[in-house]
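Engineer: Pulled these from TrEMBL:
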type     : residues                                         : note
ACT_SITE : 541                                              : active site, proton acceptor
BINDING  : 131, 197, 226, 227, 228, 405, 411, 412, 413, 414 : FAD binding site
DISULFID : 122-127                                          : disulfide bond
DOMAIN   : 85-420                                           : domain 'FAD/NAD(P)-binding'
């Protein structure tokens, strides 16, 4: 999720390699795989995560004139004595939007600063338009599968598509959601301040056109929610046409015959689904020794068998793309590969296009952090478990918070929103700590992949450190009536748990609508619900939710007594 600020990246500085948390983070230079996953996704489960720091050189451009939009409604509260606002949020992405709406609900006088357009990366250059493209790819894939259609007794003529129509669908959806977010804030009276925002001292923020007129305002509390930008490793020249990032790809200006995707994480996988459905051949370049390194290994193997092997996709693993040159003067895109371990030249690819899907870098330059003695770590703003910003001496900066991609705890739009709501709870007088292990993640391929909590290797590491044993339960979509009715029996659900207590440590799903199914497990982890209790929940039949129902019922727990059943209610 990114703050809506117009900018240009003058140089992509290296983002240091790996943490010792057991989950892939960002990568960095040519010696380390450039794979940004959920970023410290499971940080709370492990200790001792260390990383070096670097700064990203970024030039800011602000083309829009400074303005303030104030709603006439009275719902935006009255500011605390001596302040212009109770809460000022820098960055109008999904995280900032969620915080603003919750703040108004709590009676806080609230302003949000946006540098370009409301919605940030998620709405304008990420989650929203990508799902529109994936909706198209899903339908194309089904219509093109003659065997699948015949299994229903259906006959479909050759399916085709209009590239511009597909691109317009993605952009129209982004515009609609962006307008919805803007209108929701205006209707509640949130002041929308246009311009680049920065901290200028304790409880002070400035905003305005860079190099132009700026306005200083005061706030009892400040939230930084400036998000992230695509990370481009050194040696890669992006021209926006033949060598692109996800920002460019979502515009779908072309559908190349052969495209290399650098990075096989969530971004790379989703775009491989789109491009192959639209007729492209795809080659993955992955720095690690296996594809999809951020997933639970068992889920990753099954996903590769279904999402990679049958499609027009090949791959190179254990290699770095050290140099990528855009197509020009009739010459193709050239990609120079070296061995990730030996650094010896491996191969040179000549293709029509290259998509750089190596993750995202925090957008935190130029925020005036030096005015409150804060130093970023690998570009991220350090925070504690309550999203309170930590200064260079390790002390909390009063009344200053950071949420979303900019703090690097978990680079997901809904995580940023949850963090923002948590902060608002705190500044409203109610202590709240967000359990990041309960936040789900999903990859919207066909079929989908979803997960919450720990992977099996992470759970085993935790179990070894803390002295307990883990258990594994699995169920298959092949035994689910609804999945079979849809001829979509490919997939499994997997749960990692403690057999002695019934605590759920992680759930991973690969199959039809996996992204929707994961939330029952996510809520169970968030609420501390044990398997012994949730296994008695009733699920409608026939539904896909029974995959999860059977997963809970198949678990064997020995050492925890379930809560007594509540008194039945007569109906």
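Each Cβ is built from the backbone N, Cα and C atoms, and glycine gets one as well.
What's the neighbourhood like for each of these?
Structural biologist: The Cβ of residue 541 (active site, proton acceptor) has 11 neighbouring Cβ atoms from other residues within 10 Å, across all protein chains displayed.
Within 10 Å of the C-beta of residue 226 (FAD binding site) we count 35 further C-beta atoms, all protein chains included.
Sequence-distant contacts of residue 127 (disulfide bond), defined as residues of its own chain at least six apart whose C-beta falls under 8 angstroms from its C-beta, comprise 94, 121, 413.
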Engineer: Where the distance is taken from Cα to Cα, which of the recorded positions 122, 131, 226, 228, 411 turns out closest to residue 541 (active site, proton acceptor)?
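Structural biologist: Result for residue 541 (active site, proton acceptor): the nearest of the recorded positions is 131.
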Engineer: Using the structure shown, find which entry in 122, 411, 413 (the recorded positions) has the sparsest Cβ neighbourhood within 10 Å.
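Structural biologist: Least crowded of the recorded positions 122, 411, 413, by Cβ count within 10 Å, is 413.
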Engineer: Far apart in sequence but close in space: which same-chain residues, 6 or more away, have a Cβ under 8 Å from residue 131 (FAD binding site)?
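Structural biologist: 173, 444 - these are the non-local Cβ neighbours of residue 131 (FAD binding site), listed in sequence order.
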Engineer: Looking only at C-alpha atoms, tell me how far residue 411 (FAD binding site) is from residue 122 (disulfide bond), rounded to the nearest Å.
Structural biologist: 11
